[in-house]
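Undergrad: According to TrEMBL, the protein has these features:
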- 1-232: domain 'ABC transporter' (DOMAIN)
- 298-363: domain 'Mop' (DOMAIN)
Amino acid sequence: MSLNVSVNWQRDAFCLQLAQSFPSKGVTALYGPSGCGKTSLLRIVAGLERGAMSNVSFNGVDWQNESLCVPLEKRRIGLVFQEASLLPHLDVRANLEYGWRRTKPAQRRLAPEEIYRMLALESLLQHRTDQLSGGQRQRVALGRALMTSPDLLLLDEPLAALDAVAKRQILPYLARVVRDTETPTLLVTHSTDEVLRLADHIGFMENGSVAPVVRLAEALQDPSSPLFADEGAVSVLQGQFVIEGNGGWGMFSTTSYHLHVRSSPEYMSLHSGSTAFQNHRLQIYARDVSIALTDPTQISIQNHLAAKISGLTEKDDGLVLVRLTLADGQLLMAELTSASVSRLGLILGMPVWALVKSAALLQ
């Protein structure tokens, strides 16, 4: 089962032309620069572009074709835009429960109290919407979209209108929601951080077309990935995270290794009262990874990972991207100078140790 979309739509000087199947599980990111057609595609899926030449079906049900356009309210879609369009005459609770009351009891999968807890909205329920910060408004908008127990969640750059602090505060909530509700989600974004934190699959968009959707892990294996354009190559490891006391530190673990990690105040606040989290993601930038031929003992770096070199890619800037396969099969990237690669004699298949500073790892 999946979301199937084909579009051939000319609008002024812009043409959106694609035929794509999107996964019906997890989060699929539509990633690309402004003006490439991401939002137009999302609006077509939502039924907001009735004049678009398109065919849309979800899990075998036709939503749009030459003779049919099922309205948004009958597509069972949750939709969140950049700006939270809340009802100003209602308080937070009434805004949230508006969709709940309009959903048939047999279709309700999520209880209001469950959504309040996920998004930490309990203390805001009696507030007027004009008393909320930007981040709080987006949390309410997300909660309202979930109140209908949608079959599909569409997020159109939901954090784009927020400042850096508000984005950092709301991202953990968004990650929790898409993980805990298991609602298939299309995320429109040009933020690499949002992709790394949220996406399971990704489709790169450019000039009105979308490349075949691939798993995020596959996209991160490509040394020339557009995700690396701003901050450089990055790896995402999956494991368990355990908070250690109240000092802002924790332990990221898999069956094969452990990493000491800093925990941000936002993360600690969101997960207060909890200690362990499964299916956790850890971002590690290649620039923060060093390589040693043997496991060093007298060194301040705490995180030492046994690995094997599975790829060496020379870059135009004189650096080399080293792909490392860890003991559990996950991949880790390191970025070294050509001189360092030559001095260490690094070759494919060589066993090495990857060293990562704890201070470089933040949750």
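Backbone N, Cα and C atoms are what each Cβ position is placed from, and that goes for glycine too.
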Undergrad: Averaged over the domain 'Mop' (298-363), what pLDDT does the prediction give?
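TA: Within the domain 'Mop' (298-363), the model's average pLDDT equals 94.
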Undergrad: Kindly report the helix/strand/coil residue split of the domain 'Mop' (298-363) according to DSSP, in that order.
TA: 10 helix, 34 strand, 22 coil
